[in-house]
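*Asks:* One structure coming up, written as structure tokens, with questions to follow.
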Amino acid sequence: MMQNKLLNVKNQQTKGSGAAFLITGVFLTLLVAFLYFDQSSELSAVIQNLGAAGMLLAVMLMAVFCLTPIPSEGLVVVFLKIYGIYLGTFLAWLGCNLSTLVIFFAARHYGQIFFKKLLTPERFKLVDSWVNDKGTWGLFIARLLPLPAFIVNYAAGMIPSIKLWPYFWTAALSIIPYYVGTALVYLGITAKMWIWLVIGGAAILIFWSVSYLLNRKSLKVG
């Protein structure tokens, strides 16, 4: 009986992974198509002319993406192409934060459903252990681990001891270095300002290195 349940869970996770890869592939195809057909920035101009409505749509779209396993970096690049470095990064950050709030309340009300479908016990235990050991600071560290942000959000949202404000500010702050690094790399490539490419690449490399070291530490402790 128990073996059948474990097998069903494994099959669900396999199907979920396959669907995520398929959706990601479709999105990447659309991203490449957009960048190709927008070489003269005509599509960007049309979207810019939408004004506040276009910006609101961008924020909502990013929020939806951040609710899923689909990597949001490609959408960040689209925002940078349309709205420029500063506004594009800001809109992406707003959308990410909006999804963080949605996940918090969804996890509190439907935690068990999300847990079974999206989280493995190992991932939940990893986040939970950092929070139990170091509180809010531990949650911030958990957000720097090499885990998808939405996974950490779901896990953190299901931990009763975590309140809304610590949950929110750790998410809002931890994503800034990565988004800024992505924006600088984009600026370096598109404007051929190699100093920004180096700085942005270094920022992302440092972010990944910290994640790697924290992950190694958590594995040793576990």
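Here the Cβ of each residue, glycine as well, is placed from N, Cα and C on the backbone.
What TrEMBL records for this protein is below:
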type	residues	note
TRANSMEM	20-37	transmembrane segment
TRANSMEM	49-70	transmembrane segment
DOMAIN	70-180	domain 'VTT'
TRANSMEM	82-107	transmembrane segment
TRANSMEM	137-155	transmembrane segment
TRANSMEM	167-187	transmembrane segment
TRANSMEM	193-214	transmembrane segment
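Help me picture where these features are in the structure shown.
*Replies:* Residues 20, 23-24, 27, 76, 79, 82-83, 87, 91-92, 94-96, 98-100, 102-103, 148-150 of the same chain, all 6+ positions outside the transmembrane segment (49-70), place their C-beta atoms under 8 angstroms from a C-beta of that stretch.
Away from its own ends, the transmembrane segment (82-107) comes close to residues 44, 47-48, 55, 58-67, 72, 75-76, 114, 149-150, 153-154, 156-158, 164, 167-168, 171-172, 175-176, 179-180, 182-183, 186-187 of its chain (Cβ-Cβ under 8 Å, at least six residues beyond either end).
When Cβ-Cβ distances below 8 Å are used as the criterion, the transmembrane segment (167-187) is approached by residues 73, 76-77, 80, 85, 88-89, 92-93, 96-97, 100-101, 104, 136, 139-140, 143-144, 149, 153, 156-157, 193, 196-197, 199-201, 203-204, 206-207 of the same chain, each at least six residues removed from its ends.
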*Asks:* When secondary structure is assigned with DSSP, how many helix, strand and coil residues does the domain 'VTT' (70-180) contain?
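*Replies:* Going through the domain 'VTT' (70-180) residue by residue, I get 92 helix, 0 strand, 19 coil.
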